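To start, the structure itself, in structure tokens.
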Amino acid sequence: MSTAGVFHTLVYPGVNLDANEGPKINSVSGVFIGISLITIFVRVFSRWWTKIEFWVDDYLILIGAAFSIAYSALLIFEVQHNYYGQHIGKMDIPHLMSFVKGLYVATIMYSIALTFSKPSLLALYWRIFRVPKGQMPFIVAAAVNIAWMTAAVLAGIFLCVLIASFEDATIEGKCINYPVFFLSNEAFSIALDIVVLLMPVYFISSIEKSLSHRISISSTFLVGLIVTILSYLRLWRLVHAEKLPGPDPSFDDVDAGHWAATELNTWVLVASIPMSKPIIVKILKDRKARQSAASGNHADYSKSISTNKGYERSRGNSFPSTTSGDQLDLVERCAIRENSSQNEMELDVRG
């Protein structure tokens, strides 16, 4: 006997019982899966092109990207098979149980993805800011981040004891307060985002260069603050969903789900921008050179070619060299180190 129709959607002002947010979830998840795949490809290609060996930050972001993509793919699966994006009244019992299982897995995937993505950026900081006695903030931030996210993963796994009671209400078990868990996890995650993304500003402020140069260098990292905005939007939608009347998880949690997919995959992009920029700069400079040649402006063309020489593929484990007139950029494997004789910070561009 069919069990369809055993659930009823609570009717309240503004509710549309036939609403279907599934296409929106599919579109957002699909787009950001593509963004992550392209980002990882560009990052790996940039590593090959610059002859720089893979390091911890690369391996961490690869794992983070894998879980971010898997999370987004799981949302699409939920839409296609378990009525995600539609009201609970459209479901039967088997589909609801399958949906809740997917929600359980997604909760764990979300925390794991962040656990690897944020330390990837911290590992990149460690690689760039080679300051004696100045790496302790990175160690502390990484330790706090890993400890918190590990706790979040374990809390996600053991949301209920017995675990099976999370998906089957007929099994007696004790569960933590879901809303409190999700809201507190997201709030603390936002605080960690801000700390991690602002850390380079302190080191960059010590560089003996003009303000415009320091701002240019900082902008490469501060663009990551967009992740904080996305995290806040997800938190806002979680709070909003909690205030809606009636149990309707397949519809009420739509915004929180697709904002989570956006956040996770944007972390992959943000953590890869600094190390993907050399190849992007090379492409843009080559394009500018071709445009100058096509316009017949031989003077500008010669200047462009001269500038591009510093970006030819180098041998060994160093970045392409730069001329003294080039704008300083940490993404070209600059490092901050302490001058042992003068005890002052200086920018070390290793060519």
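Glycine is treated like the rest: Cβ placed from N, Cα and C.
Source: prediction; values computed, not measured.
Beyond the transmembrane segment (25-46), the same-chain residues lying 6 or more positions past its ends with a Cβ under 8 Å from any Cβ of the stretch are 58, 61-62, 65, 68-69, 72-73, 75-76, 78-79, 84-85, 254, 257-258, 261-262, 264-266, 268-269, 272, 275-280. Residues or ranges marked as transmembrane segment by TrEMBL: 25-46 (among others).
What TrEMBL lists as domain 'Rhodopsin' is 42-281.
Per TrEMBL, transmembrane segment is recorded for 58-77 (among others).
Marked as transmembrane segment by TrEMBL: 103-126 (among others). Residues 55-58, 60-61, 63-65, 67-68, 70-71, 74-75, 78, 135, 138, 141-142, 145-146, 149-150, 152-153, 156-157, 159, 166-167, 185, 189, 192-193, 196-197, 199-200, 224, 249, 253, 257, 260, 264, 267-268, 270-271, 274-275 of the same chain sit 6 or more residues outside the transmembrane segment (103-126) yet have a Cβ under 8 Å from a Cβ within it.
According to TrEMBL, the feature transmembrane segment maps to 138-166 (among others).
TrEMBL lists 178-203 (among others) with the feature transmembrane segment.
Feature annotation from TrEMBL assigns transmembrane segment to 215-236 (among others).
Taken from TrEMBL, the feature transmembrane segment covers 256-275 (among others). Long-range contacts of the transmembrane segment (256-275) within the same chain: residues 24-25, 28-29, 32-33, 35-36, 39-40, 42-43, 46-47, 57-58, 61, 64-65, 67-69, 71-72, 75, 84, 106, 110, 113-114, 117-118, 120-121, 124, 128, 182, 197, 220-221, 223-224, 226-227, 230-231, 233-234, 237-238, 241, 330-331, each at least 6 residues beyond the stretch ends and with a Cβ under 8 Å from a Cβ of the stretch.
Annotation comment: TrEMBL describes 294-325 as region 'Disordered'.
Residues or ranges marked as compositional bias 'Polar residues' by TrEMBL: 316-325.
If you average pLDDT over the domain 'Rhodopsin' (42-281) in this model, you get 81.
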